[in-house]
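Annotated features, as they stand in TrEMBL:
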DOMAIN    1-149  domain 'Major facilitator superfamily (MFS) profile'
TRANSMEM  20-39  transmembrane segment
TRANSMEM  46-64  transmembrane segment
TRANSMEM  70-92  transmembrane segment
TRANSMEM  104-126  transmembrane segment
Amino acid sequence: MSAISDFNMVCQHAGLRYHYLMVKFLGAFVGSTLSGLLSDLYGRKLLFLSCILMSTVSYAPQIMSSLYWVFLAAHFFEGVFSAGIYTVGFVYVMEIIGPNYRMLAGIVLDFFWISGLFILLTASYWIRDWKLLVTVLVSPNLLFISYIW
């Protein structure tokens with residue numbers, strides 16, 4: 001079972017698939033733009049943890065929704081907060097690392113990104129239901145939320 005079949009994004013409604021991707025990247029654009037400004041105002045750590053928390057919360061309406069527009073709205077906000085996580089996290093690491101090791105740190109951060117894609121690939125092979133897959137892949141965010149305390 002996939003989101004495409006759940007929301008009937010087939011045949012004459014096949015164009016809805018493009019809206020799904022467009023909304024995610026529109027959210028990423030908004031998130032990467034706003035996260036830089038907000039992290040300067042309120043602090044990187046606070047915004048980083050807030051984006052992790054809100055990203056985790058924004059997956060719930062995606063999983064539970066039976067309405068396409070609610071699914072898209074939640075996907076937009078997930079894009080906003082995911083871009084915030086990456087942008088603020090990258091800047092935070094670059095500020096902590098000394099100038100001599102910044103290039104290496106950027107490469108290592110991208111290795112984590114690629115490792116996550118391989119984990120997604122492997123998990124999606126074994127878990128065929130998209131709602132269960134999203135739940136399993138989002139569950140490690142709860143470990144990062146524990147950093148708040």
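Cβ coordinates are placed from backbone N, Cα and C, and glycine is handled just like the others.
TrEMBL labels come from automatic prediction, so no person has curated them.
Here the domain 'Major facilitator superfamily (MFS) profile' (1-149) has a mean pLDDT of 89 out of 100. For the domain 'Major facilitator superfamily (MFS) profile' (1-149), residue counts in helix, strand and coil come to 129 helix, 0 strand, 20 coil, using DSSP.
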